[in-house]
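Chemist: This is the feature table in TrEMBL:
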type: DOMAIN; residues: 88-146; note: domain 'Potassium channel'
type: DOMAIN; residues: 180-258; note: domain 'Potassium channel'
type: CARBOHYD; residues: Asn85; note: N-linked glycosylation site
type: TRANSMEM; residues: 12-34; note: transmembrane segment
type: TRANSMEM; residues: 94-113; note: transmembrane segment
type: TRANSMEM; residues: 119-139; note: transmembrane segment
type: TRANSMEM; residues: 169-191; note: transmembrane segment
type: TRANSMEM; residues: 203-223; note: transmembrane segment
type: TRANSMEM; residues: 235-258; note: transmembrane segment
Amino acid sequence: MGASEAQRRRWGVPVLLVAYVGYVGLGAGVLQALERPAEVQAARRLLQQHWELLANHTCLRGAALQRLIQGIIEAYKSGVTLQGNTTSLGRWDFSGSFFFSISAITTIGYGNLSPSTVAGRIFCILFALFGIPLNLVLLNEIGQVMLLGVQRCAHRLEEMFRWKIKAALLMKTCALVSGLLLFLLLPPLLFSDKEGWTYEEGFYYSFITLSTIGFGDYVIGMNPDRTYPGWYKNVISLWILFGMAWLALVIKFCINLLESSSDFCQCNKKSTELAEDLMDDGKNSMTGLHDVESCNDKDTETKGPDECHIYTAPAEAL
């Protein structure tokens, strides 16, 4: 059993690695085909606007304009944007800092905001070092509570209606549908109201956030032209926490499904091999019996019965 398991592991890792690289390569090819033309077009448009600005305003110098653009980029990374003759602040207030802390220990890491001071960066390292394990433990506990609730509801339905398989299937379906509503389908409506995004953009942000991919192209509470209520980022932080736990259960279910299908295929393979081995053993047994009978026929004339009995024992063991 141990040898077969080791053999499965030895061949399973290379197969999974090939599938992984192939899947990533497929994604890279599709994304390159879809996004590369838009990137080239945006670069050309930016360069054209740059030269038009220099041509229309001859008092501007290329080096000075480049420094201004660089300063605007660095300020935006720090959370500061220009609004007429003033600047907007608020990304590092308490609610903004709280949301950044959540995005750090959940490993979402949007990338739109990061500490700019040395002390802030050192604290961020230490904070994440202890915060990430704490977050994983909490997510595991929340997931177990969700799973326990589903199992209890299924057990009650089984007792009330005498259902067995139907109760478990019904509760899993209800948990999946309710999770889809609470964490993926309904939140985009809130984002459309508070951020001005389309429903598709809100759904995209929801999945990218809860799966901890966190590209950073869409982040809540970052539009300087909008006023956000004080509860907004705190509610979104709780949504992220419970949504990640729910999505982790869904991903775990998919992993178990894949492993079950792999074990099923492996079991079928072992059954086929076992059947072939039994057939081979049957042939060998028949051959052994035939040899023993030949021995009895030949040796009865020359040898005693005790010596022939020695050859019949292996045949009985088979």
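The backbone N, Cα and C atoms fix where each Cβ goes, glycine too.
Predicted, not measured: the structure shown is a model, and the values here were computed from it.
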Chemist: Summarise the domain 'Potassium channel' (88-146) as counts of helix, strand and coil residues per DSSP.
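Modeler: The counts are 41 helix, 1 strand, 17 coil.
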Chemist: Report, as numbers and ranges, every residue of the chain located at least six residues beyond the transmembrane segment (203-223) whose Cβ falls under 8 Å of a Cβ in that stretch; write 'none' if there are none.
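Modeler: Long-range Cβ neighbours of the transmembrane segment (203-223): 91, 95-96, 99, 103, 106-113, 183-185, 187-188, 191, 194-197, 232-233, 236, 240, 243-244, 246-247.
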Chemist: Taking all residues of the domain 'Potassium channel' (180-258) together, what is their mean pLDDT?
Modeler: 91
Chemist: Mind checking which residues of the chain, 6+ beyond the ends of the transmembrane segment (235-258), have their Cβ under 8 Å from one of its Cβ atoms?
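Modeler: Beyond its ends, the transmembrane segment (235-258) has Cβ neighbours at 98-99, 102-103, 106, 108, 138-139, 142-143, 146-147, 176, 179, 182-184, 187, 206, 209-212, 220-221.
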Chemist: Near the transmembrane segment (94-113), which same-chain residues lie under 8 Å Cβ to Cβ, leaving out any that are not at least 6 residues past its ends?
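Modeler: Non-local partners: 77-79, 124, 127-128, 131-132, 134-135, 209, 212-216, 219-222, 230, 232-234, 236-237, 240-241, 244.
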Chemist: Within the domain 'Potassium channel' (180-258), how many residues are helix, strand or coil going by DSSP?
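Modeler: Reading the DSSP string over the domain 'Potassium channel' (180-258) gives 54 helix, 0 strand, 25 coil.
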Chemist: Please give the sequence-distant neighbours of the transmembrane segment (119-139): residues at least 6 beyond its ends with Cβ less than 8 Å from one of its Cβ atoms.
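Modeler: Answer is 101, 104-107, 241, 244-245, 248.
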Chemist: Near the transmembrane segment (169-191), which same-chain residues lie under 8 Å Cβ to Cβ, leaving out any that are not at least 6 residues past its ends?
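Modeler: For the transmembrane segment (169-191), the sequence-distant neighbours (Cβ-Cβ under 8 Å, at least 6 residues beyond its ends) are 146, 150-151, 153-154, 157, 163, 197, 199-203, 205-207, 210, 220, 239, 242-243, 246-247, 250.
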